[in-house]
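The transmembrane segment feature in TrEMBL is assigned to B:39-59, B:71-92, B:144-161, B:168-190, B:202-220.
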Amino acid sequence: MATRKGREGEMLESVYSVIALVFVLVACVELCDAATVVDVYRLIQYDLAGVPFGSRLANLNHHAASGFAPAADLSRTVVIVPVRDVNITFIGDYITQKQPLGGLLFLLPRMISSDNRDDMGRGDQTFEEKLMRNLLGELEQLLIHASIPYPVYFAFEDDNIDDVLTDIKRNDATSQPATATTGGYKLVVSAPEPKKIVSPTITNIQGWLPGLKVDGDANQLPTIAIVASYDTFGAAPALSVGSDSNGSGVVALLEIARLFSLLYSNPKTRGRYNLLFGLTSGGPYNYNGTHKWLRSFDQRLRESIDYAICLNSIGSWDNELWIHVSKPPENAYIKQMFEGFTEVAEELGLKVGLKHKKINISNPRVAWEHEQFSRLRVTAATLSELSVAPELLERTGGLSDSRHFLNEAAIIRSIKLVAESLARHIYGHEGKNIQIFADDSSLAVNPSYIQSWLHLLSRTPRVAPFCSKNDPFILALKKELADHTVEVNVQHEVLDGMFTFYDSTKARLNIYQVASVTFDLLLLLVLGSYLIVLFSFLVITTRGLDDLISLFRRPPSRKLKTA
Amino acid sequence: MTVFHFFNCAILTFGPHAVYYSATPLSEYDTLGTSVKAALVYLGTALIKLVCLATFLNVSENDSFDPYQELLKALIGFIDVAGLYFALTQLTHRNISQNHKFQAVGLGWAFADSVLHRLAPLWVGARGLEFTWDYILQGLEANANLVLSISLAALGSLMWLRKNKPRTLIPIIYICAGIVATMPSITSYLRRGLGWHLPKVVGFELFTSLVMAFISWQLFATCQRPST
């Protein structure tokens, strides 16, 4: 009897150990069963000269709330704020006073999403859209220049998340905000710890279109440079597509390159100027890329540059453009260039103004691209719709700069302006009423080319530290320039040390609907009582009521018997 | 916290089986062996059913109610009945009375069914953060299944093990057994053909299981009287 029991005990033990092993193996099953999964984009995290800015955390695992309840402890809640209803001053105060918060989730309107199909960049915006644009710009500036110790994410409004938000609002209105004991929604983002990006690269692409060298001409031909910076910076680096700043400039440069390559392909129509096209990176960071590009030039080449035109934000103006220079307007070269532009502008029916801003060599701040040229004594000007120089990290193609707010007709007019002025200067037709790039000619500006490139640019985030050396977009630009020019060079440099960036820009947010602990305890209570009732019922029906009572009376009766 | 929910649903799904075993005289007569054997027979039956379903059934694209497919599924469902017959009659049991034999077989049958059909979804699903009522409803369904299995085992033992039955009751016994055996088809018709939601279907199952249990209890009691 004892040995049999021993053997049975051993068998039971081995069975238990097998079951335990099975449980351990099965516990490794990963669960992903959220009600809603949304793509979210993190606020940028960077250090400027050692001072931290942006959101410093990426991981998120807290309950959701729909508003800032005044007296509640929000250090373990994520507040979901649709940008339409945001109160900038309130958020600004909240951030500057360093009040605790678990996280912030901003919901952006669908119209600025690059997936939005029904925007064609007509440029005529309603009043609400203009308000939204300003609001986004303000919000972006606030977030970029603050150091926020909790995660901040952006997401686009869609049906799922709208439903979740209305549910949360309803719950918040009726009871206290969701915590571990009252149920509600839980937002979970599991992102890797943000790491510093080591040696971020900036890539400059240049295209060279040589002019016609007549035999017996020993001197170097003069060069005209057309430059545009193509990279962006914004609050959400994964969303910084910069359609206007500076997608419009890039598209204009490519179209001008195409037109001049048509002219230069035939030796009879090749001008006596070399043309140098430059797509530079590092624009938001004091035009660092342009600076490095110019430094890499041969001295002779630099001296042969007659003048350089930099294109910056020419996509959303009505009828006035500005030419910014750093040499005084009385300078002969500037006067000549400006007169050329004004002439063409009058014919096109738009106005061009001249703005002069002195450069201060000791100040590291470079507000316009042409200032990098001017520091090396090359005559240069920037054509832009902006009348005032933007501050550092302002108007660099962030959240509010989407295809929706762009005006394609404006870009076409700018291209006509620049191309016509350049051509008249190159071929010596100043003052004559000749239209070289007339509409309906073989040299007309091609709107579908512009549209397709704008479409591509509006879907490609181009923040330089997050673009690798062999980014497909950079290769596409290089190939395009190679189609239009004779010689293309790509220069890879490292971004200067003043800026440090951290990765982890995109993540997936899981929204779970959770039941509270009280619910589980209640359920346990109910189940416990149900099982007890079932037990009593079965004992009563099968063995009789006396047996049930005897179950509780057994210990005393045993004691009596032994005693 | 979510393992808590898994624990709750687990005791709802498997608790009643343990309670039934310990509360009724089954535990006193140590009929665990019978239940284990019945569970193994259920495993075998399930395998055979799977093979038949895979061979004879076409997979339909939409979730509608196809009468021919459902008829085929019902026919294959009768393999269940055959399995129960095998468990009741062909296996050698220790010397236990009729009364306890069918209870033990029904209990083992229902326990194996719960484990096979409900343990894996429970383990994978109930541990997540997301809360749904599905697993609680599944547990209630397991309870209804337990009652149905025991009533089917009772009717089965009446049909095959008891030789002297009152003549008038025989058709009723067979009809009740037929209803209980085709319960899966009825529930799938309700779910797909009439479009009932899960809570309603579970409620219907609980109600019918109680009704059938009462009927089979009465039948068993009346059949028991002549022999005692």
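From the backbone N, Cα and C atoms, a Cβ is placed for every residue, glycine too.
Long-range neighbours of the transmembrane segment (B:71-92) within the same chain, counting only residues 6 or more positions beyond its ends whose Cβ lies under 8 Å from a Cβ of the stretch, are 34, 37-38, 41-42, 44-45, 48-49, 52-53, 56-57, 101-102, 105, 108-109, 152-153, 156-157, 160-161, 177, 181-182, 184-185, 188. At the 8 Å Cβ cutoff, the transmembrane segment (B:202-220) and the transmembrane segment (B:144-161) share at least 3 close pairs (sequence separation 6 or more) and count as touching. When Cβ-Cβ distances below 8 Å are used as the criterion, the transmembrane segment (B:168-190) is approached by residues 65, 70, 73-74, 77-78, 80-81, 148, 151-152, 155-156, 158-159, 196, 200-201, 204-205, 208, 212, 215-216, 219, 222-223 of the same chain, each at least six residues removed from its ends.
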